[in-house]
């Protein structure tokens, strides 16, 4: 089949690469416009745009429309695609746009639909401390993530996943599923089934979500640190300096014998100890958090031992 591929971030690249190696033909790529990235704020195409250039050079058009209105529809129509494949494109496809594809469209969603419909399913899977997630290949429907399911693959979770690593796993597992779904549609063997169960929803993650609120329970803070890695990251303020928390571990209880009065007479966010085997121990709204890797602004990331050796009088300091 002739395919229009729509996607933007890294998670979508392996699926596009799998299509390039399949019997199907990618006639065009639809991705978000270039944006400023890095310290130099240079304009850079999306990971999907860069991968498309690597795979096909100028042989496949790359569309970066701001909207999918008349001009976009005319350009897409000229590509004569049979079907639309979407993975993390970030826009809803209206009925006029979908009418351009005789065989409709499919979407790759990194959750077990109908759980976590929306734009940040991987992060919310971690935030909710779910025991499993998965990949759902669904038909594209008028309302976001409400399509019929073509393929589903379940992924058990350990409870220590970070968003970046889980995204990489989902990208790897989803790639062959896209080709399998297209093969089934092309051969008339696809058997879409409606989603069942009560849906849950997730919105966009913002930069502000990365600010650590030490009044939260330690297990919730740990989940947030992992869910916001690599973006937006988790940070707090140490003596007027931004301090990024890169890795931590929650504890419901802490042994007071290796700390002092800071254990009981402190507010959430207080550093109560530097434990040789656990990390820099902070009091939270419920329980304790052992910070293992961290990074001051404009400095390199370090383990807690190196950090503690370079910063005086940590114990008793309150982070905000």
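We number each residue from 1, going along the chain as drawn.
From the backbone N, Cα and C atoms, a Cβ is placed for every residue, glycine too.
These numbers come from a predicted model, not from an experiment.
Here TrEMBL flags 2-181 as domain 'Formyl transferase N-terminal'.
Under DSSP, residue 113 ((6S)-5,6,7,8-tetrahydrofolate binding site) is assigned to coil, being neither helix nor strand in the three-state scheme. Positions annotated as (6S)-5,6,7,8-tetrahydrofolate binding site by TrEMBL: 111, 112, 113, 114.
On the 0 to 100 pLDDT scale, the domain 'Formyl transferase C-terminal' (204-311) averages 92 in the predicted structure. Per TrEMBL, domain 'Formyl transferase C-terminal' is recorded for 204-311.
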Pick the one among the binding-site residues 112, 113 whose Cβ has the fewest other Cβ atoms within 10 Å in this structure.
112
Near the Cβ of residue 111 ((6S)-5,6,7,8-tetrahydrofolate binding site), how many other Cβ atoms are there if near means within 10 Å?
24
Residues satisfying Cβ distance under 8 Å from residue 114 ((6S)-5,6,7,8-tetrahydrofolate binding site), sequence separation of at least 6:
145, 146, 195, 196, 197, 198, 199, 200
111, 112, 113, 114 excluded, remaining Cβ within 8 Å of their centroid ((6S)-5,6,7,8-tetrahydrofolate):
109, 115, 116, 117, 121, 134, 136, 145, 195, 199
